[in-house]
Amino acid sequence: MSQTSSSFDLKVVLRDTLMVGLVSLILFGPIVGIVLDGYGYNVEPGRVGIMVAVVMAGRFLLSLFGQTAKGRDWIESFKRNDGGVHVLPPGHKSNLRFILPIIILVAIAFPFLATKYWLTVIILCLIYVLLGLGLNIVVGLAGLLDLGYVGFYAIGAYGLALGYQYLGLGFWTMLPLAAILAAVAGAILGFPVLRMHGDYLAIVTLGFGEIIRLVLNNWLEVTKGPNGIAAPSPTFFGIEFGRRAKEGGVPIHELLGISYNPNATMIFIYTVLFLVVLLVLYIKHRLTRMPVGRAWEALREDEIACRAMGLNHVLVKLSAFMIGASTAGLAGVFFATYQGFINPASFNFFESVLVLAIVVLGGLGSTVGVVVSAFVMTLLFELLREFGDIRMLVFGVLMVVMMMWRPRGLIRIARSGFAIRKGVAP
Amino acid sequence: MSKIYRKGILALAIGSAFTLSSLAHADIVIGVAGPYTGASAAYGEQFWKGATQAAADINAAGGINGEKIKLVQGDDACEPKQAVAVANRLVDSEKVKAVIGHFCSSNTMPASEIYDEAGIISITPASTNPKITERGLTGVFRMCGRDDQQGIVAGDYIVDTLKAKKVAIIHDKDTYGQGLADATKAQLNKRGVKEVLYEGLTRGEKDFNSLVTKIRASGADVVYFGGLHPEAGPLVRQMREQGVTAKFVSGDGIVSADLVTTAGGPQYTKGVLMTFGADPLLNPAGKTVVEALRKSGYEPEGYTLYSYASLQAVAAAFNGIKGTDGAKAAEWLKSHSVNTVLGEKSWDSKGDLKVSDYVMYEWDDKGKYNQLP
Amino acid sequence: MDGIFLQQLVNGLTLGSVYGLIAIGYTMVYGIIGMINFAHGDVYMVSAYLAAIGIALLSVFGLHSFPVLILGTLIFTVVVTSVYGWAIERIAYKPLRNSTRLAPLISAIGMSLILQNYVQLAQGARQQGVPTLLDGALRLHIGEGFVIITYTKIFIIVASIIGMGLLTYVIQKTTLGRMCRATQQDRKMAQILGINTDRVISYVFIIGAAMAALAGVLITLNYGTFDFYAGFIIGIKAFTAAVLGGIGSLPGAMLGGIILGISEAQFASLVNSDYKDVFSFSLLVAILIFRPQGLLGKPQVTKV
């Protein structure tokens, strides 16, 4: 490096580095260097020194790299606004053909091999896949930033718990009902606000999500407030999976005359959840190829052009909103039955941010991306449990960097291409 | 490629599950679950310090039935969702025989269900919500009192000693705070005092001026607050600033020197009353333990000794039944009493302590709290 | 009852002027680049920490007289917070100026997470506080009731008015202000006329951060306590205030803040403080539906 650097403008590099060092000293000096303790403080200059040094070294290397031809290209690639989707060549066969059966096989074998702990982790992963898929329709495809998404999740979860408590409805009744309930809530919220400018929408949905949480927290007579409420375990035609029958059914181990398996409940939830995820994946896959799916994406890219073409933008947006909300409702039911107990604390703003991060990192609009990032994110959260405090920071950094590096996410949407066939009606 | 990624992680996950489960068999593994990260991380540390000290002392004295205790941490960060995952991990991967935990009542609730289902006993050193032991679970115990016991002490004190006629009850709309406020309210009503105001405030906010004006308008001579110190501090300060001189009474959620910091100085917290367990540092049985902890550079505050005592109870039960069976240990604990660092403890059929030892404390003008005689 | 009503008015006024100061940051940034600076609430949070650090530092140097202490803290906080505002714009928003519409918003949420957790890691998760600097209160008797206004509250209202006046002067009378207004009206045209709009945008972020810093010092003085999460709730309320007054309008931000503060206090007093936040959020939704341009904003015409 030292031989080649003579051709660079070293002065610029050094000036940049010094400037950055000065700024980071002002930024980190007080907050990192002086730690409040009661009304006094402790001075920790070492930490500031390390941080400033790291920032300066980073800036130095970046400036050096920026002076090489490769580096210039690299920096240019940030400024490029890589537009939209890329179209696959006609007749392209996705690798998914081979991978999908393998995954399904692994998924079927999984409950027989895993411990209960890993079952619960994977169930959580799948719940986030559902949430991510739903939000992906709203944010990724329709381009509506929804920051109160967790509100619909809460509606699903509380739908199951309250429906069981007051109406005696079980898991299977509430599963479709919660989806409908959440969709209706989505429509009620969406109808008045969807005419709004995109950023206003973000704030209104944020407000709406908070309203739902606050009402759940304050409406003591019905929701028991912060104390939370119990949610029922799933049953299957009167068969129960717990050690003792609670719903008046028969525990499965007594029915089949086998010894009690503590994993049974989780295996059942896992199975149903996996099937639901597959179903949602399929529906979503079809939707994006239908006119309404095309309309979502067109509206995201250019609303004015769409309206000029005679598209009813409110209806199109509303459909995206409702489908996204109903998916969250489904996820909520699974969450409630999996945890067996819910309280409003599980549905705060950060949950919305987490789901948003999953969608953004996976690639706005990309189904595969969302599935992958939901798994990576949830597993990372589990595996890095010790780094609890840092993970949210890493999260924030990831969100900012991703927006600069790839505003459209890790995996870009690929659209299948079609060749015009001669003499055959398409 | 991305799908291969997912498969790899799955394989990794399954693989590590197997290795984890094959690890722990030699010793008696006991989980210590609580918030080791997040805003309540300080309490998790108290749990861990107390439990490690207890494990060291018990192991030095021969262990449980001749086997050594091995402790594992479970971090729930005070989020119910994480508590479920942690509970399952402790039960399945770590194969724990008993659990000390959790801290937040909202976490103990779902987690204890999992422990009970798996047939192992759990003792919470700090969760005071009454519902925890009211759900018919056989293996759930506590080493602390219940909010309703705390409420009775506070309610009686307000009626008998403060002779209050008008009481305003404020809570923070959280599992702990509201439970405590309701318990106190119930006791006050039983004693014939009807509250003049019952309202909630939002955790995380700092402006309670409009609420304070309402308190002033109600003419209350005692304000009872169910909640934690981050809200109690500004609330008591704004009361004094608006000239409300009513007595401020609260529970064990404000037992922290930070109360004074958040209230803007000891001139505001002077005379604040609170209920808390009888000072364990004054207990002669705990003296040697306290000395040992202090020698290692740790001041055994808050729930440290409660955690220590919880592990003592587990050890006593396992020694008593000459095994580690959860159901038998639970039965043993309900029919015997254990001599712990907090004194002689025994449990009723629900798993609650038979005798609660809540007493009143008062904050002085130097920012310290003292047990009232 | 009279005294109670007036007391609630005072409570609302102090709360509202604080909302207004933070709302200025939202409204100016939105006016000029049309994005919601989600991290602005957290800039306020950082400034609260800086204020406490400033007070602690100066007290150690033996400065105990209130005016000197508060002036020193104010200068320290405003300067450092301004650098934060500038750096945030530089890192998280400037590279995204020509990106998709969602990109800066998501990056702003990321920045908000970064600030919160950075401060939590650096300063710890516990509650922080400052000692009471200005004791005493004004007691006014009205009929049978009375109103108590602490000197700190009077100081807050006066300082907010001075801050607003200063800002209005800068925006209306100086070259910098003219450049800001020109960029807000038509960025491309301003650029053609030789205004370095990138620099103007940086200035706007600095001004917004400086106003948040003023709010940070005042709030810290009044309530005496804060934590790393303090920016979230107050940020949303301030944004509501900005929308209420008409986003993009400076007097609107202040007016919106005061209206929100007063109506919140009166709602808590007359109805129930449990549902106070539900009320503010409902107010926000209602305004956006029925009068999206706010009280003092100009209606937006979308060019097709």
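Positions of Cβ are set from backbone N, Cα and C atoms, glycine also.
In TrEMBL, annotation is done automatically, which means it is predicted and not curated.
Listed in TrEMBL for this protein:
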TRANSMEM  A:12-36  transmembrane segment
TRANSMEM  A:48-65  transmembrane segment
TRANSMEM  A:98-115  transmembrane segment
TRANSMEM  A:121-142  transmembrane segment
TRANSMEM  A:149-167  transmembrane segment
TRANSMEM  A:173-193  transmembrane segment
TRANSMEM  A:200-216  transmembrane segment
TRANSMEM  A:264-283  transmembrane segment
TRANSMEM  A:318-341  transmembrane segment
TRANSMEM  A:353-381  transmembrane segment
TRANSMEM  A:388-405  transmembrane segment
Practice problem: Output the single range from A:173-193, A:264-283, A:388-405 maximising the number of Cβ pairs under 8 Å to the transmembrane segment (A:318-341). | Solution: A:173-193
Self-check item: Positions whose Cβ lies under 8 angstroms from the transmembrane segment (A:149-167), at least six residues beyond its ends
Solution: 131, 134-135, 138, 173-174, 177-179, 181-182, 185-186, 205, 208-209, 211-213, 216, 222-223, 229-232, 324-326, 328-333, 335-337, 342, 344, 346-349, 351-352, 355-356
Quiz item: With pairs closer than 6 in sequence left out, are the transmembrane segment (A:173-193) and the transmembrane segment (A:200-216) joined by 3 or more CB pairs under 8 Å?
Solution: yes
Quiz prompt | Recorded stretch that, among A:12-36, A:121-142, A:173-193, has the most CB pairs under 8 Å to the transmembrane segment (A:48-65) | solution = A:12-36
Quiz item: Out of A:12-36, A:173-193, A:264-283, A:353-381, which stretch has the largest tally of CB pairs under 8 angstroms to the transmembrane segment (A:121-142)?
Solution: A:353-381
Quiz prompt | Same-chain residues near the transmembrane segment (A:264-283), Cβ under 8 Å, at least 6 residues beyond its ends | solution = 107, 110-111, 116, 119-120, 122-123, 126-127, 129-130, 133, 233-234, 236, 241-242, 252-253, 327, 330, 334, 337-338, 367, 371
